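Features reported for this protein in Swiss-Prot:
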MOD_RES   1  pyrrolidone carboxylic acid
BINDING   13, 16, 17, 93  heme c binding site
């Protein structure tokens, strides 16, 4: 995991995200360690809210999996928690990052944002 490479890759994310302010996507400073769906002032999808209420806390590992397929990750999380009935709809995030090493690098960078 290379946070410097992740910072460079994060430029792709800046269409929707910033570290310090909500845009189309939530502010990402402090995301690692934060409960899903809880960035102050951001209007999340019901799917994101449900995952947070079911106990999803963003770890680097969760971020790596999420970036591969956000909707599939959240739906699997809810289903694994016995809440398949809440695993409906979709997250606002449609971007997917196929390369696992790149996902790890981005997650490492996000972990540096406080």
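For all residues, glycine too, the Cβ spot is worked out from N, Cα and C.
Known features from Swiss-Prot, placed on the structure.
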| residue | record | DSSP (3 states) |
| --- | --- | --- |
| 1 | pyrrolidone carboxylic acid | coil |
| 13 | heme c binding site | helix |
| 93 | heme c binding site | coil |
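Highlighted in sequence order, 14, 15, 23, 24, 25, 28, 95 have their Cβ within 8 Å of the centre of the Cβ atoms of 13, 16, 17, 93, the residues recorded for heme c, and are not part of that set. Put simply, residue 13 (heme c binding site) is 18 Å from the residue listed as 'pyrrolidone carboxylic acid' when counted between their Cα atoms.
There are 18 other CB atoms within 10 A of the CB of residue 13 (heme c binding site), with all protein chains counted.
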